[in-house]
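Trainee: I have a structure here, written as C-alpha cells, and I will follow up with some questions on it.
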C-alpha cells in the first residue's frame, strides 16, 4: 500500500487526511524503523507493509465505530502504538492512554509523541492486570482497545475492567474470531460485557481476514477481576 493508496482508501471511508497528518504518518514510519534497529518493535519494516499492516489496519476500527467525539481511550498492550496512535493522528481530539509492560516500548512512545507533537496522550509502564485495579483508571474509559494481543477470554479480563459502564471494548482480531467468541462468551458475561457487533472484512491487497468486535460494557466488573499478573493467561475465564 503506497501513500496515495493509503490516502485514497481512507478518503473512500470518509477519513480525509491533511498534509500535516500525512507528514505525521511519515514521521511515525521513519521513527519506527529507526528505533526498530535498537529494539524489537515490529517484524514489519518495509514501507508499504507498515502503511497497510500497521497504519491502515489500525484505522479500520473507525470504519465500524464513530470516533468523532472526544472519547477517552485506553489501548492495552499497544507495543509500538497500534491501534491508538494511528487513530489519534486521524482524530486529534481523542484522549489516549497506552498501557504496556515493557519500559523500552514506553520510552519509544514518549519519543514518538514528541516527534509527532501529540497532546492528550499518556503512556503507562504497567501490566494490564495491575493497571485495571487502580483507582482513577478502573471503569474510567469510554473505549478500551486491543489489537490481536491474546485470545478473547483473556483479553476481556485485561480490558473490560477499564471500560466505564455504557462504554465500549473494541477487540481487533485476525481470522478464527468465531471460535474465540464461543470460548470467550462466558468471560464477557462474568466481566459485564455484551457482544453488540462483529464486522468481518479483508485487509486490502493481501486479502487476509480481519474481525472487529464491539463489546458494550453493561454492568460493573466484579472487584476480583483482573486477577494477578499471569493468571488470566494461565487460567482463562472459560467454562
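Cβ atoms here come from the backbone N, Cα and C positions, even for glycine.
Model, not experiment: these values are computed from the prediction.
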Trainee: For the S-adenosyl-L-methionine site that Swiss-Prot lists with 77, 82, 128, 129, give the additional residue from the candidates 147, 151.
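Mentor: Swiss-Prot lists 77, 82, 128, 129 binding S-adenosyl-L-methionine, and from 147, 151 it also lists 147.
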Trainee: Translate the DSSP assignment of residue 147 (S-adenosyl-L-methionine binding site) into the three-state scheme.
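Mentor: It is in a strand.
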Trainee: I want to verify one value. Collapsing DSSP to three states, which class is residue 128 (S-adenosyl-L-methionine binding site)?
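Mentor: Once the DSSP labels are grouped into three classes, residue 128 (S-adenosyl-L-methionine binding site) ends up as helix.
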Trainee: Report the same-chain neighbours of residue 147 (S-adenosyl-L-methionine binding site): residues 6+ apart in sequence with Cβ closer than 8 Å to its Cβ, ordered by sequence.
Mentor: 57, 58, 78, 82, 83, 172
Trainee: In whole Å, could you give the widest CA to CA gap in the S-adenosyl-L-methionine site formed by 77, 82, 128, 129, 147?
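Mentor: That value is 20 Å for the farthest Cα pair.
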